[in-house]
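Student: The following block contains the structure, expressed as structure tokens.
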Amino acid sequence: MGTDIGDLLQKRKIELSDLTNQVVAIDAFNTLHQFLSIIRQRDGNPLVNSRGKVTSHLSGLLYRTASLIEVGIKPVFIFDGKPPDLKSETLNRRKEVRESSLEKWENAKVEGDLEAAYKYAQASSKVDQEIVEDSKYLLSIMGIPWIQAPCEGEAQAAHMVLKKDADYVASQDYDSFLFGAPTVIRNLAVTGKRKLPGKHVYVDVELELIELEETLGVLGINREQLIDIAICVGTDFNKGLEKVGPKTALKLIKKHGDIHAVLREKGVEIKELDRIRELFTHPDVTDDYEIKWGKPDSEKLIKFLCKENDFSVDRVKKAVERLKVVSRGRQQTLDQWF
């Protein structure tokens, strides 16, 4: 997903406690996809209720969000709206990958290859409309604000940080910087150990802070040039130039100044180039939103999670109590939220 410019960015390790009392605009689609990919059984099957309905995303939202609130982080989730028509090719390609992965997952389970089954199961994850609606409802009864973006969620989150309605964007994708986000947190949804694909090697997944101005200063470019680099590499709206990775793209843009000059030099074109640039420099966003945190509704949480989705009553009650303890223990701070 997004553009592959991560190797160019200046990343700094931080702790959850560094985000205390900070408003974090979370890319909801990205986060839900992480939960659906990671919260699975050994053979790749997701968590489901007694009716076979997937609940991995609900588990992730409840327990991870509770952990964030417990350390004083103020989360607000941003949901994608209608995608730009230039994204249709990328969306079709993702659909093909999901369908292929689903078939490979089933074959791996039959063959008893649990490692392959888990890998392909992760790649088959899909955030559908039912998952989105259930997630919005759960956040509402948890007292967590969410915002419906008119188009790209990352663009809306970046807009909110630029307006100083939020302090950080949280997303795994790097598109946030192309939309102008000054500060982005990665790995907020999932930390700990992660197995590298196809290897018996585990790496630590830690919180990362990336600041746009720091990266631009180190690279010696401006935001428009970063957008041009991303377009050279490839974005959700276009295929990249052949055999051009982020480091080569950086050299090309610094040498020629902008992507138009690069394309002239190479004798190639990128269709709808100006429209692609416009999607990043002037994205479709809204100011029609309210960020307000509320108190968790214990009865509705128990009904929705335990009675309707077969969650453990004890675990849900403990999560609710954690939220209530925070509410009682930090009342002065929380009064500013509500």
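Every residue gets a Cβ built from N, Cα and C, even glycine.
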Student: Need the matching range: Swiss-Prot marks region 'Interaction with PCNA' on one of 105-113, 267-275, 321-329, 330-338, and I'd like to know which.
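Tutor: Matching range for region 'Interaction with PCNA': 330-338.
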Student: The Mg(2+) 1 site in Swiss-Prot includes D27, E152, E154. Which of D80, D85, D228 is also listed there?
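Tutor: Within the candidate list, Swiss-Prot flags D80.
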Student: Considering the Mg(2+) 2 binding residues D173, D175 given in Swiss-Prot, which of D128, D134, D236 is annotated for that site as well?
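Tutor: Looking at D128, D134, D236, the one Swiss-Prot places in the Mg(2+) 2 site next to D173, D175 is D236.
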Student: When you put D173 (Mg(2+) 2 binding site) at the centre and draw a 10 Å sphere around its Cα, which of the binding-site residues D27, D80, E152, E154 have their Cα inside it?
Tutor: D27, E154
Student: Please compare the binding-site residues E152, D236 by how many other CB atoms fall within 10 Å of each one's CB, and tell me which has the fewest.
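Tutor: Counting other Cβ atoms within 10 Å of each of the binding-site residues E152, D236, the minimum falls on D236.
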Student: If I take the alpha carbons of E152 (Mg(2+) 1 binding site) and D175 (Mg(2+) 2 binding site), what is the distance between them in whole Å?
Tutor: 10
Student: Can you give the mean pLDDT for the region 'I-domain' (116-257), rounded to a whole number?
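Tutor: Per the prediction, mean pLDDT sits at 91 for the region 'I-domain' (116-257).
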